[in-house]
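Chemist: Dropping the structure in here first, questions after.
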Amino acid sequence: MKLSPLQWLAVVAVIVVVSVAASPVDDTPPAAAASATDTAEDDEDDDGGSVFPFKALQLYNTVAGYLEYIFDIVIAPITGGVSNKKQSPTRVSYKKFQIIRVLPSDEDEVLDIEAMSEEPGVQVWMPIRLNKTADLVLPPSVARDVKRFLTQREINFIVLSSDLERSIHKQNPKSPSINQKSELKATKGHVMTWTRYHRYQDILDYLMYLSENYPHLVELMPIGKTVEGRPLKVVKISSGQTRENVVKPAIWIDGGIHAREWISPAVALFILRQLVENKSYRTLISEVDWYILPMINADGYEYSHTVDRLWRKSRRTATTKSGRTLWDMSYGCEGVDLNRNWDWHWAGVGASQDPCSDTFAGSHAFSEPETRAVSDFILDHKDRIQVYLTLHSYSQMWLIPWSHTKKLADDYDDMMYLARQATEAIQKVHGSQYQLGTTPSLLYTTSGCSDDWAKGKAGIKYSYTIELPDKGMYGFLLPAEKILSTGKEIFTGIKSIAKSILKINSMKEKTKLRG
């Protein structure tokens, strides 16, 4: 059989990888605390199996990628051959991946868990902190050894999910049939529901429905496009009414900056529905203007639906002039963390300059069209926007700037006062308790975040990040049946914020008149 030049290169890659994989490896992961005998016994019945070393697979991807690159720029021009174009990615399976919750009780245990989290394929969903629970995702290739390691170290842990793929399938109901969609559109005018997580096109269609059916309240404001060309549309909700010489305050709400946090855009859409379609809240619209962007990271959101449910970043791919990617040699090195890309202490603590990291901050501040579009819009309206709210998940927290430092903002007490009123209002709905404080005090220190930028650069005094439910039982996989309850309680908290702003403005107005 005659092989093509590219096939010969692939053969060379395999030979190199197999040779390296057969070589002894010096570094021993923490999970190797178990004896070699125990490991050999476990391998026989381990569901994950040990078919090919993970590092060898990474090496294969890297070598094969570079060989393909050499083929493209050296061999192809001579032979007239063309390498295979990148095919559509196959769906990522999380079959038999496990979610565990650990509770380190001293600094040594924190260090042990941090070292363990460096194992190939391990994801940290919630940060590892002393006397605080942390949630980790374990691939089947290391799950057994990791749990044995924790047991030997006497570190407390529980298994939240023994098969992550099964949990993923349970999160969202089956998509309605074409007939069901047609019926929904005929009766309601749109297919949007709050009993499932919808795709981005459904979201855009709903925004269009609102603008066409409530033109006196809703204006769609295109502000740009994503890396892959999807439109970004801000919904302005306003009655247009205003008192003479009084500028109406505005509130900004955005969602979906992290792709896998599906509850975030769903709640933003619920708030939209309440403000526009529920006549009970006409007062809020007559006295406050609203700017709502339900989805910032539309590319990543779609990717989380079609390829990798747990994808976090955008879908940026850096390319050379020849079109060859700089870091596409292994999966996960695409994209930018859009909540590390803002021009406020950019690329500082808590942000990475490694393109393969989930917290990659981008090549420079506002390198991404999504963050540039949002920041430009906010700066154009900063004289009216008095509240900035960004919706994330998970952990049920109401977070106050600053994120990049443990030092409190000068007006920390003012921000706390409004936030406390909001969280107390939320608790009255379903009893949900939201922790209140700065990001470093409750989670971790990080930089280049949107809420810090909104306060520090745009000058929006009341700037908050709301971490939606839950506290970890479902994590990023909050079932769609929770959308309505979550939306109702968050909307209650936001109504509280709006009323507080109106009171503050009224007091300022009275003070001016007295003066």
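Residue 1 is the first one shown; counting continues down the chain.
Glycine residues also receive a Cβ, built from the backbone N, Cα and C atoms like all the rest.
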Chemist: Give the range, chosen from 26-47, 158-179, 312-333, that TrEMBL lists as region 'Disordered'.
Modeler: 26-47
Chemist: List the same-chain residues at least 6 positions away in sequence whose Cβ sits under 8 Å from the Cβ of Glu467 (active site, proton donor/acceptor), in sequence order, or say none.
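Modeler: The list for Glu467 (active site, proton donor/acceptor) reads His392, Ser393, Tyr394, Ser395, Gln396, Met397, Trp398, Leu399, given in order along the sequence.
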Chemist: Between 0 and 100, where does the mean pLDDT of the domain 'Peptidase M14' (196-501) sit?
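Modeler: On average, pLDDT over the domain 'Peptidase M14' (196-501) sits at 94.
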